[in-house]
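The following features are taken from TrEMBL:
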- 1-12: compositional bias 'Polar residues' (COMPBIAS)
- 1-28: region 'Disordered' (REGION)
- 51-173: domain 'C2' (DOMAIN)
- 188-317: domain 'C2' (DOMAIN)
Amino acid sequence: ESDTASELSFQFQRHKKTPSIGSHSSDMASVSSVSGSVLSVYSGDFGSVDAQGTVEFALDYDEKNREFQVHVSQCKDLAVVDEKKGRSDPYVKTYLLPDKARMGKRKTSVKKRTVNPIYNEVLRYKIEKMVLLIQKLNLSVWHNDPLGRNSFLGEIEIDLASWDWSNRKLNWYPLKPRSLSAVNGADHRGVMSLSIKYVPPGSLGPKNPPSGEVHIWVKDVKDLLQLRPSGVDSFVKCYVLPDTSKKSYQKTRVIKRDTNPVFNHTIVYDGFHTEDLKDACVELTVWDHEKLTNHFLGGIRLGLGTGLSYGIAVDWMDSTQEEVAFWQEMMLAANEWIEGLLPLRSL
């Protein structure tokens, strides 16, 4: 079932304030401004076809003119919107997120009656490089309808903070379906598939196990941010907070060049008492592996989300409703694997 089983002892430091990793505080202001903007990217979409095909483009920053340039070359094998007439009239649209309103959208011309349109157009944004590096580029392909009922054909999202600017060549990228969390207005970072299980002390026989165990089986992640043309080199880190010591730290191997990595990695933490479950939080974070510094891609926190741990207010007890429900299900169903599919978020 799993590729690596790592055993590791885990003792809570009761009533001792332990800082969380980088003690992050959640910045609500930025989340709400993102949700307001991303939602309208998808307005005016009536026809629904499955995303398919690829898009070829290159990115460049012109230092002299302080201009970000998206060179849209062509698309291949787009979905057919009008089955009766067997046609699509596609165009490409770009936004810089999270603040799409300020930078505005850019569009190519519409190519009629083709699923393999050739554009060779440059979409330009006057923007300082420092500002550009905190944006994501959202590039989507749409069928143009004379009545304004445009149909979404696929998209790709690129994190410009970690883009390799020495690469100015045209590259092909697969068009992805609309990310659910983008439609819901969240900041889309991918979705983790995992299972968790709580084994209470003595539940498998006398003194077996001697202390309670939490098993975490990290299966895979779908739809990570595309950081380079080749994808992303990712791994998952795990801590059981409030313990941020080496004892608590576990990580998976690195999966290279894949925005849909399969980890199949099981981690076992022992030393749990059943009442610890309400004060503990399993933090799983996904990172892009780079030589000098790893780049944070997104994470989840499994716990009761009460804001408190052993009576102390902590910013990492901030689980979402979905994460809380998943943890509660595990607490109620001893010795059973609980399966979950949870969106990664900024922590």
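Positions of Cβ are set from backbone N, Cα and C atoms, glycine also.
DSSP labels the residues of the domain 'C2' (188-317) in these numbers: 5 helix, 65 strand, 60 coil. Using DSSP to sort the residues of the domain 'C2' (51-173) gives these counts of helix, strand and coil: 11 helix, 61 strand, 51 coil.
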